[in-house]
Amino acid sequence: MLTKRFFNYIYEVFFSFLLVVHWLFKFITSLFYKFFDRIIILSFIVFVCFSSLFSLQVVEKNADPEEVLLSFLRRKVGLTGTKYGCGGGGCGACTVMVSTYDRNQRTVVHYTVIACLQPIVTLHGAAVVTVEGIGSTKTKLHPVQERIAKAHGSQCGFCTPGMVMSMYTLLRNKPQPTMEDIREALGGNLCRCTGYRPIIDGFKTFCESEVGVEQTCYSPDSPLNSYLHTLITELFPMDCFLPLDPSQDLIFPPELMIMEKKVSGDALYFQGERVNLVAPFKLSHLLELKAEHPSAPLIVGNTTIGPKMLLKGVYHPLVIYAGRISELKAVTWGETGLTVGAACSLSTLQKEVEKVVVETEEEKTRGYRALLQTLRCLAGKQIRNMATVGGNILSANPKYDLSSVLAALDCTLHVISKDGMRSIPLDEKLFADFGKTVLRPEEVLLSIDIPYTKPWEFVAAYRQAQRREFAFSFLNAGMKVAIKEGTDVVESLSIYYGGVGPTLVKPKLTCQQLVSRSWGEDLLSEGCRLLKEDVDVSPSIHGGRAEFRKTLAISFFFKFYMQVVLEMRERVGKLRIMSTLWDGVSDADFPLEYLSALKPFKNEVPQGQQSFQLVSEAQPSADLVGRPSMHQSAFQQATGEAKYYDDLPLVQGELFIFMVTSTRAHAKIINIDPSEALKMPGMVTFVSAGDVPGANCRLWFNNPEELFAEEEVVCVGQIIGAVVAESREQARRAAKEVHVTYHDLQPVFFTIEDAIRHESYFEPKRKVERGDVDEALKTIYMGGQEHFYMETQGVIAVPKGEHEEMDLFVATQHAAFTQELVGMALGVDSNKITCHVKRLGGGFGGKVMKIASLSAITAVAAHKTGRAVRCCLERGDDMLITSGRHPFLGKYKVGYNNDGTIVAADITYYSNGGSTLDESAFVTVLHMDNGYKIPNLRGRGVVCKTYLPSYTAFRGFGGPQGLMVMESVLHEVAVRCGLPAEKVRDINMYREEQSYTHHKQPFNPTDMVRCWDECLERANYQDRLRAVQLFNSSNRWKKRGISAVPQKFGVGFSKGFCNQGAALVNIYKDGSVLVTHGGTEMGQGINTKAIQIASRVLKVPVSSIFTKETCTGNVPNAAPSAASFGTDAVGMAVKDACEKLMRRLQPLMEKNPQNTWKGPPTDVDWEKGEGQAYYYFTFGACCSEVEIDCLTGDHKVFFSLFKIPKKHITSKVSECTAVEGGFVQGVGLYTIEELQFSPDGVLMTRGPSQYKVPALCDVPAELNVHLLANAENPHAIYLSKGIGEPPVFFGSTIFFAIKAAIAAARTERGLGDAFPLSSPATAEKIRMACQDEFTKMASPPTDGAMAPWCLDV
């Protein structure tokens, strides 16, 4: 405590001195310079950054308006714990806490912000707390950091600092939060590894009354039934947690409070290299600025203008910051309702509305409840803290949800200029076009009036998006009806839609024609008919989905009709609207089974149960193999100390490289002109194919692959060249000035179907066959998937200055391949290239191949300049260049008996390989049989060559697609036979102890059958199925489905030379041990497992063992960390090395030469279609239950349960987490994640604002993982089994449960329960498959061909 006070005293004295200098500088400069037309006054910004060791007072003399907090923290302050994930506010990796003194409330407020959008010039007088500032392994951890680590909530660790800061800020404002508080606080943070459940488990320990998550542990010798009731309520020890003591929190610097209290009211002026910013303090000054500079945009939260300037290159020479003007932040309540300042944040509005909803009678707050429902779905907490009400409205973007509900509430805008004030109704007339309003350029939005609702006014708001939260809506709506008191006659009706056109749309004819009519079924029918004509959704609407949007527009009105009927019933106190108290009231009613359609899905925090087998009591306590163990780097990841490649400090003279990519899908390169780029500030050089000293082109399975496109481009996004500049920003801007002249070539096609028509295939084609089958007929399509690792791809290339040596600090899963490719490009031997890999912020197979090419290009630039060069792909470029999981088209024909037994199947798998082969040849038919014995089975694999960026490896690598097609076959057989799907799956499963796959590899399916049986038993499958059927019979517009699937998944590479591990173990004189190996740490805990293995063999405590980076100079020729085989291979190598050391150290110890490790003999003879394709198989089963909204296509996963074998090797709890993380990634693959390519082959989903991965709201409400007992695997290290990849496929249980729910809806409508449904099962596909009268109304005209918005590639 004394130390803390001492440091506070020191920085107060130092800061007071800085303040004197600051104000003196302002006074002197004001004597010499004037503002307007030429902004030349430079202003300090003064704020405080907290580090774990000290508080850093930041006085930035030449603050650049274009610089955001993220880059400032990472590059200038050296606080790299705050991560770059997307650059657009869509992932939460850069979350920090900002504290300011609120002069109006006279208190300090703490809130989270997204650092990648927060301009530093807007932080004058603020305190910024990063993850480094709240705790450190060098001093003391904060309880938030400790608990997320101990709860196994950090895997790759890249998202962890953002998670920590979101939770820390919540605790600063509410030391005893509720589970709902936690859910809301983390809603804006994405994680691609854990599945979110362990993060919640760690943080819920702060709740006043936490909800327990059960963990089942059972003795190795106990039978199944004996441990079912042996439950404990802790997944991790909670008795030694650091207590949360709010009195020890960082204080708001007193000097900043003094500075804010004594603020003079002067404006702040900032001059950057290209952009100037003015921050007026007075409203009158703001109006003067707008009068003189009407085209200058206003910013407060920078959530709209910021992404346009940062990501799209929009240029504004002058920007006005309006966040310091008190009138724009005023909130007042009057007799008619709320008046909120235009600069109030969405969080401020939400807080005010939540308070009034609790304190005021319901009839006055119906509109506020609808508004609150919308606010809670808008963006994440961090964005709501930054974005403003006025900014949301004046952005004039119809996918922003506020305008539709505010318009329905008859809100009024108050705008002001130097010429005076005027009021404008918030309706469709406010919006002139997309992004434009009728406000004059010099006008400023001052405030918005949001009135109370009247007793007989009924209001509702609706939206449908890819996710229920943190996603822009496809369609949003606000509706309000006023009923004449004592009747059911409509006095007025307001309906507004966002998303059916470029602006807010009011169906005027509908609203007019329904006035004076009784609110009954006739009105409903007429309203739907009118909307069909009144809502015109153009087939070419931006974003596509025209038919879906129109269906939603009518469906929303139907929901509104039912809601009003229900609320009117409640108002008159009767079940039906048939009251003698009303004159002329019609019989407006609907069946009870319609009621569930009015209940929106509630987002819940995931809970569940995990069970696993404990180690034997005879195992020494110091032996951690098989015991729950925290990730080795968890504390470092939670404190921001863990270093990723872009966290490494700048090398002296370091440059930055930015790729120049093709804008054409197939064209000849006529000319590349970098002359304009070379004239730009900071530009150093341009590199292209002519600068490669070695080989620009290499052969990969006899297919050429280029680093730089030299003569011809074959996809949009192919790298043509690269600019090298002094800074990232300069390189980005210069890349846009490189002009490439093309001559378009033919053919150009992008889809699998087109490739089949053009007979465009890569060699080799694969075929596996058993028995005799016929030609395939039926089809199923499955879309691709973006890796969306939280850390984008990149490398730092550092020339050593002699002998042509070069070091590369690179984010790769395959350091040896990167080393090889860089050597080829530079024309030097591999022994002169050293690759260093400390850790990855996620990989999932996407950092095997593409990163090698990027590394080679960066190395060429470093070779040419003789200086270190850093490459860090921006999120959009990463998604464009590196691509992801292959789209698949399966064609099949099946022969089966009436009992569901499949006797023959012929399946052809067409994958879209893109423009080059990459690793597509390895995506094969080897997974196709799953766990089913089909006597006559033929599988053919064909890789289609198209003009898209080449697809590459992704977690599961062909398994999720191949297994999906087979499960679709069984699902259809079940439908056609009229049998439950689980019975058809059960009757076709392998069961003989010595079974053979379709490629003649022997295996024992006993554990698979056990997983299947125990999964159904623990899920209470039959009881759940009956409950689902009962629910479906009682609900018209909500349907449930349940599905269970088994899995047999091959582990390892089909090429035996890849199944080898390498390790180097050193023992030092002090007894410490250093382990290095060829694996890559990317969240799977391979270093933790290596330490456990070394500890067991060497009989030393884990505290004496350390693992360093992966380095090709220490462990050469290592295989990639992939195929769920990294731990098996590396673990055996570590074990072998340690045993050799033990034999040397203890010559008298009995030797066992059989324990030496050799690569397993795997290989496939493709001519014969047989062979040992995998080293062993992992088995499992999963059951999931979902509910769909037939009117919107929304769905919710209520329950998922896994049964999967796993024994020994590492923490069972972390393995449960790995299963959950893989499953949630599968949830995205099969239900949410949708890549969209334009008809010209351009990837349009290039960032988290367009491409949605599962967020916290998408995780099943109940998520259970049970590791199979006594499931030994003699083929792998310590009887373990790889489970990194198999859980992805379990996401398909949700797909098939959704399909079952759709089938229930279709059966009720008299439609067939056999229908096509491609993956992913998005809201659009669900809604349009539930065909009804509303989908028929939205059917497009059959005449005329419109180009589709996007392609199913």
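Every residue, even glycine, has its Cβ placed from backbone N, Cα and C.
What TrEMBL says about a protein is an automatic prediction, not a curated fact.
According to TrEMBL, the features are:
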- 6-27: transmembrane segment (TRANSMEM)
- 39-59: transmembrane segment (TRANSMEM)
- 52-134: domain '2Fe-2S ferredoxin-type' (DOMAIN)
- Cys86, Cys91, Cys94, Cys116: [2Fe-2S] cluster 1 binding site (BINDING)
- Cys156, Cys159, Cys191, Cys193: [2Fe-2S] cluster 2 binding site (BINDING)
- 270-455: domain 'FAD-binding PCMH-type' (DOMAIN)
- Leu298, Ile299, Val300, Gly301, Asn302, Thr303, Thr304, Ile305, Asp401, Leu445, Arg463: FAD binding site (BINDING)
- Gln813, Phe844, Arg955, Ala1123: Mo-molybdopterin binding site (BINDING)
- Phe957: substrate binding site (BINDING)
- Glu1285: active site, proton acceptor (ACT_SITE)
Q. To which of the binding-site residues Phe844, Phe957 does the lowest count of other Cβ atoms within 10 Å belong?
A. Phe957
Q) Within the chain of Cys193 ([2Fe-2S] cluster 2 binding site), which residues six or more apart in sequence place their C-beta under 8 angstroms from its C-beta? A) Gln155, Cys156, Cys159, Gly842, Gly1083, Gly1221
**Q.** Candidates Cys91, Cys191, Thr304, Arg463, Glu1285, namely the recorded positions, that fall within 10 Å of Phe844 (Mo-molybdopterin binding site) by Cα distance
**A.** Glu1285
Q. Which one is it: of the binding-site residues Leu298, Asn302, Arg463, whose Cα lies the shortest distance from the Cα of Ala1123 (Mo-molybdopterin binding site)?
A. Arg463
Q | Shortest C-alpha distance to Arg463 (FAD binding site) - which of the recorded positions Cys86, Cys91, Cys94, Cys116, Glu1285 | A | Cys91
Q. If you measure the residue listed as 'active site, proton acceptor' to the residue listed as 'substrate binding site' at Cα, how many Å is it?
A. 8
Q) Val300 (FAD binding site): which of the binding-site residues Cys86, Gln813, Arg955, Phe957 is the nearest Cα neighbour? A) Cys86
**Q.** Taken over the domain 'FAD-binding PCMH-type' (270-455), the model's mean pLDDT
**A.** 95
**Q.** Integer Cα-Cα distance in angstrom, Asp401 (FAD binding site) to Cys191 ([2Fe-2S] cluster 2 binding site)
**A.** 25
(Q) Which one is it, among the binding-site residues Cys116, Cys191, Gln813, Arg955, that lies nearest to Asn302 (FAD binding site) by Cα separation? (A) Cys116
Q) Near Cys91 ([2Fe-2S] cluster 1 binding site), which binding-site residues out of Thr304, Arg955, Phe957 have their CA within 10 Å? A) none
Q: Please name which of the binding-site residues listed here, Cys86, Cys94, Cys116, Cys191, Thr304, is nearest in space to Phe957 (substrate binding site), Cα against Cα.
A: Cys191
Q | Between Thr304 (FAD binding site) and Cys94 ([2Fe-2S] cluster 1 binding site): CA-CA distance (Å) | A | 17
Q) What is the interatomic distance between the Cα atoms of Cys86 ([2Fe-2S] cluster 1 binding site) and Gln813 (Mo-molybdopterin binding site), given in whole Å? A) 21
Q: Excluding Cys86, Cys91, Cys94, Cys116, please set out which residues of the same chain place their CB within 8 Å of the center of the CB atoms of the [2Fe-2S] cluster 1 site, keeping sequence order.
A: Leu70, Lys83, Tyr84, Gly85, Gly87, Gly88, Gly89, Gly90, Gly92, Ala93, Ile114, Ala115, Arg875, Pro1248
Q | Cys191 ([2Fe-2S] cluster 2 binding site) versus binding-site residues Thr304, Gln813, Arg955 - nearest by Cα | A | Arg955
**Q.** Cys116 ([2Fe-2S] cluster 1 binding site) and Leu298 (FAD binding site), distance between Cα atoms, whole Å
**A.** 18
Q: Return the member of Thr304, Gln813, Arg955 nearest to Cys116 ([2Fe-2S] cluster 1 binding site) in space, with distance defined Cα to Cα and candidates limited to these binding-site residues.
A: Thr304
(Q) Beyond the listed site residues Gln813, Phe844, Arg955, Ala1123, identify every same-chain residue whose Cβ lies within 8 Å of the center of their Cβ atoms for the Mo-molybdopterin site. (A) Gly843, Gly845, Gly846, Val848, Ala953, Phe954, Phe957, Ser1121, Ala1122, Gly1284, Glu1285
Q) What is the separation, in Å, between the Cα atoms of Arg955 (Mo-molybdopterin binding site) and Thr304 (FAD binding site)? A) 34
Q. Greatest CA-CA distance (Å) over the residues Gln813, Phe844, Arg955, Ala1123 that the record ties to Mo-molybdopterin?
A. 12
Q | For Thr304 (FAD binding site): intrachain residues, at least 6 apart, with Cβ closer than 8 Å | A | Ala387, Gly391, Ser395, Asn397
